[in-house]
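Feature annotations, courtesy of Swiss-Prot:
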- K513: SUMO2 cross-link (CROSSLNK)
- 18-166: domain 'TNase-like 1' (DOMAIN)
- 193-328: domain 'TNase-like 2' (DOMAIN)
- 341-496: domain 'TNase-like 3' (DOMAIN)
- 525-660: domain 'TNase-like 4' (DOMAIN)
- 729-787: domain 'Tudor' (DOMAIN)
- A2: N-acetylalanine (MOD_RES)
- T103: phosphothreonine (MOD_RES)
- K193: N6-acetyllysine (MOD_RES)
- T235: phosphothreonine (MOD_RES)
- T240: phosphothreonine (MOD_RES)
- S426: phosphoserine (MOD_RES)
- K641: N6-acetyllysine (MOD_RES)
- S645: phosphoserine (MOD_RES)
- T779: phosphothreonine (MOD_RES)
- S785: phosphoserine (MOD_RES)
- S909: phosphoserine (MOD_RES)
- 321-325: motif 'Nuclear localization signal' (MOTIF)
- 388-392: motif 'Nuclear localization signal' (MOTIF)
Amino acid sequence: MASSAQSSGSSGGPAVPTVQRGIVKMVLSGCAIIVRGQPRGGPPPERQINLSNIRAGNLARRAAATQPDGKDTPDEPWAFPAREFLRKKLIGKEVCFTIENKTPQGREYGMIYLGKDTNGENIAESLVAEGLATRREGMRANNPEQNRLSECEEQAKASKKGMWSEGNGSHTIRDLKYTIENPRHFVDSHHQKPVNAIIEHVRDGSVVRALLLPGHHLVTVMLSGIKCPTFRRETDGSETPEPFAAEAKFFTESRLLQRDVQIILESCHNQNLLGTILHPNGNITELLLKEGFARCVDWSIAVYTRGAEKLRAAERFAKERRLRIWRDYVPPTANLDQKDKQFVAKVMQVLNADAIVVKLNSGDYKTIHLSSIRPPRLEGDNIQDKNKKLRPLYDIPYMFEAREFLRKKLIGKKVNVTVDYIRPASPATETVPAFSERTCATVTIGGINIAEALVSKGLATVIRYRQDDDQRSSHYDELLAAEARAIKNGKGLHSKKEVPIHRVADISGDTQKAKQFLPFLQRAGRSEAVVEYVFSGSRLKLYLPKETCLITFLLAGIECPRGARNLPGLVQEGEPFSEEATLFTKELVLQREVEVEVESMDKAGNFIGWLHMDGANLSVLLVEQALSKVHFTAERSAYYKPLLSAEEAAKQRKEKVWAHYEERPVEEVMPVLEEKERSASYKPVFVTEITDDLHFYVQDVETGTQLEKLMENMRNDISSHPPVEGSYAPRRGEFCIAKFVDGEWYRARVEKVESPAKVHVFYIDYGNREILPSTRLGTLPPAFSTRVLPAQATEYAFAFIQVPQDEDARTDAVDSVVRDIQNTQCLLNVEHLSASCPHVTLQFADSKGDVGLGLVKEGLVMVEVRKEKQFQKVITEYLNAQESAKSARLNLWRYGDFRADDADEFGYSR
């Protein structure tokens, strides 16, 4: 404690009390304070000073816990205002003081002055002058200090200040509340809005006692998300500080004790509240971490309203500099190159609910485990009979839902992988099986953390670690927050509802059951299925959701190379290209949704048929890739021609199974040409856009899968290398990419540039137009240009009809067409060409009804009479329909046949 002695003017005069200095740490009451010195390598010494010659009211005191019958003592009138007067004036300020008297018990009484010397404000006089304290009776009246106190008291009485005002001062007595009946409700009632408070006591660096205003709740607040070293209570009642506990406590005390603060109440733990303390000079939670006085704690970091990442970053700052509690910190060794730590890969398979198999750019496969999460598992009453074979996917509650969530989100998609840690291999023990080395990573797609999404749906739980274990997800706090939301909302594993049960019949190899199922599957035609496993290029295990069964499925119509087999006493080697065929089938259909046509079954209970994915026949694809040959049984199938064509092309290339093929000379046969009458050749199309002049744009259904694949690859490429906003300068006629209102990128062509804010674009694959700012445009990557795949939207007009020139009538016709065919599949036949676009007839895919004829029947359009001989039959049908509409006075004809006199006025011609 700093001090300075002031000597008297002459050696014979009375001794002048020594003037000492200190910083006010705490105000105990209206007449007592605690001062401290400057810190020197640790918390400084402290000293209690009681003001001489005055008395202030006693503050409230809670009954001792050891006296259950004891009663709480309330504030005396004006006691709290006196304390507040001193607190606001003195806390954290430098004062000087003189000691006038010291009792045998060690209590020190003296005078306190604000500032560095006794010329400063006399605190006792200020209290008395404000009517917040009284002069003690019985003191010597001729003492100058007493005289000044007496004068101050008389002035306060005259001015009716403080306790000399009218009334008994009951309004200054606080209604202190020491306990809260329902802490959770109390926290929620404040809706995380800052609450004014005074910090009354600091237990350790991260736990304080606070007086909440204006309700005067005296509560214990633990700082959310962190923990400082504490003081361990020994059996003899003494306290032993952990390393840096005293320093952390002083750090918090010197900044917050008896300061006005705001507290955001975030949660509760027993009777203690969790919160964040806000002070004008900063956030104590983050400061403690940054200075190495605290560490993050997982159990409460999720409720920290300002973002757990800020706390983790502050902790990292202290760790990297080995500050205080981190002085012995050793960072985990990084044994991965950057290219191995972060990469983009394609998801090929989902393993249960916490791991995936990905294909790297090098072509290698790698198993990735999702960091810090645990898939659903059997617990308690759910543990099954040991004699029954466990099928985890179907028997563990929510395992199937978790796997399906990942499968639908990820299979065939490119994801971003960030390796968080590598879990070393562990040997088996009596209770735990052996584990090989695991690569644990955070996997994201479209900016979404897959592990976090799983946890938020209650389909996985978060692993709890030791506090010093850094081997965890780089987004661990987000996982904890997601789990808290899932628990609160009762999602998945946290639901109180009955767990879903999946009764899946496995009829693989069960001949009797297979015979029972065969007629149903044959009658069903194409059935939906999920490929669960690929045994070889042509042998798969399928899950049929509608029938809730598992079957073994053999591809019909082909001979696929056999793989290696384990036979009794020997291993039979696989045929050439068997592994390539298996890999091809795996990459194409494993865990994909497919359609199957069951034709028959073999004697082992395996079903035989055709498998289609995205409109492609897997048997044909294997033959195309020269990984299979056509089997003679295909002759009686509807797919024989495409199989033969695919095989012939593969033979010509002399690849793989046809590498040694020698073409046999064939006898040339002259084709006989037959004259046939003209017949309409309708092809399936998908209508994407209807224009205001009743033209429409369609996509060819046969090339639809190519467009889907191109769009998927293009968007993955754009998400990996997004265009720099505003870097693209659009030019008329140029192909580009444009971000539509749905937030997705599409191929487009620039039609007109009014300004950078108004660029007219045409979506070349869908036929719609839009005006966009150039910031929503980008350069079309060459890999997705129209050379790779031509524009998929083709413009057509209806043949044999005239579009109304009247705007209202034309709108009626357009609205009708939009309702009937937009975004639907139809059948299209080109009838004749024109300067603008081909004119066609369009049929509904299901009913085969003529769309244009329907418009005529409804009286929405008129017939365009053409003279060509081949059209006379259809023109007659259209004219008959028009006469029926006229007779019924429908739409255009509601006022009769208007064409006789004013056809020109309305823009019609007969």
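Cβ coordinates come from backbone N, Cα and C, glycine included.
Feature map: annotations from Swiss-Prot on the structure.
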{"residue": "T103", "record": "phosphothreonine", "DSSP class": "coil"}
{"residue": "K193", "record": "N6-acetyllysine", "DSSP class": "coil"}
{"residue": "T235", "record": "phosphothreonine", "DSSP class": "coil"}
{"residue": "T240", "record": "phosphothreonine", "DSSP class": "strand"}
{"residue": "S426", "record": "phosphoserine", "DSSP class": "strand"}
{"residue": "K513", "record": "SUMO2 cross-link", "DSSP class": "helix"}
{"residue": "K641", "record": "N6-acetyllysine", "DSSP class": "helix"}
{"residue": "T779", "record": "phosphothreonine", "DSSP class": "strand"}
{"residue": "S785", "record": "phosphoserine", "DSSP class": "coil"}
Residue among modified residues T103, T235, S426, S645 with least C-beta crowding, 10 angstrom cut-off: T235
Fewest Cβ neighbours within 10 Å, where candidates are the modified residues T240, T779: T240
Spatial separation of S785 (phosphoserine) from K641 (N6-acetyllysine) - C-alpha basis, Å: 32
Per-state residue totals over the motif 'Nuclear localization signal' (321-325) - DSSP helix, strand, coil: 2 helix, 0 strand, 3 coil
Proximal but sequence-remote residues of the same chain as K193 (N6-acetyllysine) (Cβ under 8 Å, at least 6 apart): I264
Neighbourhood of the residue listed as 'SUMO2 cross-link' by C-beta distance under 8 A, where only residues 6 or more apart in the same chain count: A505, I507, G605
Nonlocal residues around S785 (phosphoserine), in sequence order (Cβ under 8 Å, 6 or more apart): F735
Nearest of the modified residues (T103, T235, T240, S426, S645) to T779 (phosphothreonine), judged by Cα-Cα distance: S645
Around the Cβ of K641 (N6-acetyllysine), the count of other Cβ atoms that are within 10 Å: 10
Length of the line joining the Cα atoms of S426 (phosphoserine) and S645 (phosphoserine), in Å: 54
Per-state residue totals over the domain 'TNase-like 1' (18-166) - DSSP helix, strand, coil: 38 helix, 46 strand, 65 coil
Number of helical, extended and coil residues in the motif 'Nuclear localization signal' (388-392), per DSSP: 1 helix, 0 strand, 4 coil
For the domain 'TNase-like 4' (525-660), the number of residues DSSP places in helix, strand and coil: 41 helix, 52 strand, 43 coil
